[in-house]
Amino acid sequence: MRTGVYPGTFDPITLGHMDIIRRGAKLVDKLVIGVTTNASKSPMFTVEERLAMVRRETADLPGVEVVAFDSLLMDFAESMGAAIIVRGLRAVADFEYEYQMAGMNQQLNNRVETVFLMADVALQPIASRLVKEIALYGGAIDRFVPKRVVQEVVARVEKIGKKGS
């Protein structure tokens, strides 16, 4: 069985993430979505909330599993028996960062390959960071995230308070 890992913060999961998940799942028998804590980011949602969100949005996709991890990506990939890591690319800036990460990951474990998938052109501008910023200023995010996620983001923004109001 060929296993792949698609790691991310998914805070929140976007339509861009969903596109990469659907396409990445076609490349392997099992795609493990690794929801991570990222010390360099300030998440809007807890790991548990993000896990629930991603599990719900991927429930209808065969061969997709969603788990949390808090370790080096290559250690996580090895623990999942993964042969590949799936990464989405939106722009040249993504490539530069991901290329460097893939090189470091190869140094850590050369048995796992990194596979880059280009984002769908219509989804390239979408980033979780921008979705949160738009929502915090009261903008509509329904074109960027799954419908149920819109409700969760709006509810969280109402709880923490909008900016500029």
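Cβ atoms here come from the backbone N, Cα and C positions, even for glycine.
What Swiss-Prot records for the substrate site is K41, L73, R87, and among T3, T9 the residue it adds there is T9.
For T9 (ATP binding site), the binding-site residues whose C-alpha atoms fall inside a 10 Å radius of its own C-alpha are K41, out of K41, L73, R87. Here the candidates are the binding-site residues H17, Q124, I126, S128. The one whose C-alpha lies nearest to that of R87 (substrate binding site) is H17. The maximal spread of the ATP binding site, taken as the longest Cα to Cα distance among T9, F10, H17, G88, L89, R90, E98, L123, Q124, P125, I126, A127, S128, R129, is 18 Å. Neighbour counts of Cβ atoms within 10 Å were compared across the binding-site residues T9, S128; the minimum falls on T9.
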